[in-house]
């Protein structure tokens, strides 16, 4: 007997940067167009769904750090862990799309964990799990996974109405810009709103870079395959009045929010002018702010997109300064239940504010963005080129485009006849992300201050392009501080310069232990050393305080494995670290110097993992006999994997176990929080 189909399905997303949310909401919208009934929620909104009744579930989830679940899914995973019944989901069918990156050791760990847990609770998969890899391009898995989701859903869900008949790869090359403009204006609340995208050009702004592409082998549009569907229209803009919005910070930085404005007290350059990277140490005043932290915590900085980039986009789209700063509201478009989270937080705002703080203007463009741009391109050759780039046939040239790390302004300069409405850019551009930084100091040392360190992001794209690229947040901070370059000279800033910050939710347990007798192994090359300065400060002050009461108080051994390129140019916090060694707080300080003569040759260590292997026997004893906790901070793609491999090798060599056993033991320590990592991409 055929299984009865259910009446609807639910889509859940776990999203850290907005990618998974965007994909989930597009699946939701397309499902409605195809005649299905669906709902869409963040994973932490699981309580809005009655799991005893829902029979078909679709999950889209990304990762944060090295395979950790996104922040808006923590409560959901906690909820799942509490369920003991093996038949809780025996009535449910599910499918999962994971967004990961094979540069990380725990590739798509969140999706894999979720799949295992759902199966353990009695659920069954109705469609294969998709594991997309950002290292080669998410869309190579995401697009076909979504395309094949619909027939799989049709086997388990009833369609309430006929399919709209829209071909998801339908080309609208024949549509003119005039047609698109008319359609867009009809979506607005009044005809005056269309003026928002038809203003006079503002003063000349430095142009973006034209992207170098070889489109000599472009094929006719009707021969292209795997073109993304036309992205969903999520929002509309309405003009509220003609007054200019001149607030210094966006509307979502209201006093009632968790975002606080901290004044910059001082700055110090930690590196030599000739160092490969420039590293700054900043000190913020939090005296009058409700901001409490402990060593190991991190915080967010809400940096704006570069003003010259925003003005360049406005200029290219013909939006003058008055229109850019007029007060507007952003609302859900017709047929859309809710705006994406990052747009919902804006109340009355301006186009300038939305581009400065609302959307990411510098990340690699999604194919959906190129597809949308084709719809608003009047030149036939440019339109064909955009459709080609987002097709299967154009994948090689798309990779060449990605090598050049183009901004949205670069795309508009390369395809000058493309004039999309601001609304469509807001629909398809990702959320502008805050930047995360580890806190350097202990509140016991500086209770009214927040210290942090960061590298200035400044690099060139590979040959033959050689285009300079600057970090959004780090170059903004460098400019605010006056481009300080003198090494290890603390400069007080007698100004009222403030930056918007917020404490980052810490779910990992990456904090200095309260038990002073617990040995710690700290591994943090480069700016990864930042939290361990706070660990050492905190433990030293706690130890001195408790020793006054109990002279027999014992301080657990603390080992630090640090790495730099050149001891004379970029050994961060050298004076402080050597001071901790001299005072007996830091038992061992191991420094790997990657560009020292002979580094990496004949067993001479080059990276922190090399020194770890050399110290393997003592490390093994400290971990297994003295119950030391391992802390790792830094790059998730290279360093974290190298450190994990080194730990596994140490367990194999000194613990007489197989490689698989060693890796399983490390995973166990991660679960038990004996092995803690604070990683970034």
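Glycine is treated like the rest: Cβ placed from N, Cα and C.
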Remark   = Matching 107-130, 131-154, 155-178, 179-202 to TrEMBL annotations, region 'Disordered' lands on 179-202
Note = Mean per-residue pLDDT in the domain 'Flavodoxin-like' (9-150) works out to 93
Task = For the domain 'Flavodoxin-like' (9-150), jot down how many residues DSSP puts in helix, in strand and in coil.
result = 57 helix, 33 strand, 52 coil
